[in-house]
Amino acid sequence: MKTLQLFRIYHSFLLKKWYLLLYIAVIIIALLSTLLIIQHVKQQDAKFNIGIVDEDHSKETKLILNSMGNGKNLSKDIRLKQYNKHQAHRLLQQQKLEGYYVFEPGMTQAFYHSGKLPITVYTYDTQSTKSIAIHQLTDSVYSRLMQAMGGGLAYTSLTPHATKHQTFILLTDLLFTGLNRTGSFDYHPLKLYDTGSYYVITGYLISIFIVFLSLFSILKMNQDTALKNRLSMFHFSFEKLTLIRSLFSLSYTIIWTVIGYLWILHSLPHTFESYNWPTVVIHLTYYVSMITIWLTIIELISFGWLNYLFKMILTLFIVLCSGMTVPTIYFKHLFGGLFIAQPFSLVTNQMLEITLNNFILDTSPVFYSSLIISIILLAITLVWRYRR
């Protein structure tokens, strides 16, 4: 029987079992949608909305506000917006603001006379984590402001003949250097994965495995009845059916792989750079290929309860031991780092880094060697089955 004809038979059988495909689609879409919603909620909860009330209205306070901008110079999770005192108080009561700063009237003059900046901080409470963080942020900003303003006073004392323009330029530089964390020194932040985004990516990778395994199992229902009985008298028929079933499942899985990744890229807040596409294609192709090869090998070498056992071991290996449910850092040193260096862990770590941070990891020798070994094992299995 020709390969194309077998494809048509499998396709017609799959159409008859359309309700099974619908169940799989609903489960996977519900899973990813839930993870994306959780990620979005957690991201919104992590944002600090802080108001600023300027009642001094001096040139210096306007300069400070321009230096702060919208909060990006302080942290990527902080949003600053200017309000009047009534608006800020109302939004704080509605818990739409975590807190607000008030530049009291005469703040600038008070600094020139006493060397202090009377900045008042209002928060919804004093015990919550966000309120404590706002007060700590205030101390940080205050100390940097004092350093900048102190530098300006020192300059005017040491150079009494400086023009107002020269003093203004120096004070501007000091403020921008003091308030911008990247301006005063070179820093390398430690980037951690957001839990919601982490499980969106790993949930997507798990869904690819579920799609392939489900299609592979559904099509076996037809192979074990009609097709197997019709082709049992032909040599190598079971192996050919298994290979066609693998290729057919692979085709549909690739469609979901592309659609699913475009979906999460559109839904996640992280900016994805287009130059990373080749690496993404390589790793997703590798991942789907490894799943296809090993499920095909299991199907060819085992039957009955042993077949189920091997599939269960492979499932646990992919889902539990490759960082998709538990980050690999927790068993990094277990068995000499075996789990973190295994092929599926390499895919998980790279997909996390490239999707969330636009960072390409160094390619491990295990990455390509494991694929080559898997292909060789599949070829050996097919030759062994052919000669039986």
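Count begins at 1; order follows the chain as displayed.
Cβ coordinates are placed from backbone N, Cα and C, and glycine is handled just like the others.
If you check TrEMBL, you get these features:
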type     : residues : note
DOMAIN   : 17-382   : domain 'ABC-2 type transporter transmembrane'
TRANSMEM : 20-38    : transmembrane segment
TRANSMEM : 198-221  : transmembrane segment
TRANSMEM : 242-264  : transmembrane segment
TRANSMEM : 284-306  : transmembrane segment
TRANSMEM : 313-331  : transmembrane segment
TRANSMEM : 366-384  : transmembrane segment
Cβ under 8 Å, sequence separation of at least 6 from the ends of the transmembrane segment (198-221): give me the contacting residues as numbers and ranges.
10, 13-14, 17, 20-21, 24, 27-28, 31-32, 35-36, 38-39, 245-246, 248-250, 252-253, 256-257, 260-261, 264, 267-268, 284, 287-288, 291-292, 295, 299, 311, 315, 318-319, 323-325, 327, 347-348, 351-352, 355-356
Sequence-remote partners of the transmembrane segment (366-384) [C-beta within less than 8 Å, at least six residues beyond its ends]:
239, 243, 286, 289-290, 293-294, 296-297, 300-301, 341-343, 346
Could you pull out which residues elsewhere in the chain have a CB under 8 Å from any CB of the transmembrane segment (313-331), counting only those six or more residues past its ends?
193, 198, 202-203, 205-206, 209, 213, 291, 294-295, 298, 339-340, 342, 344-345, 347-349, 352
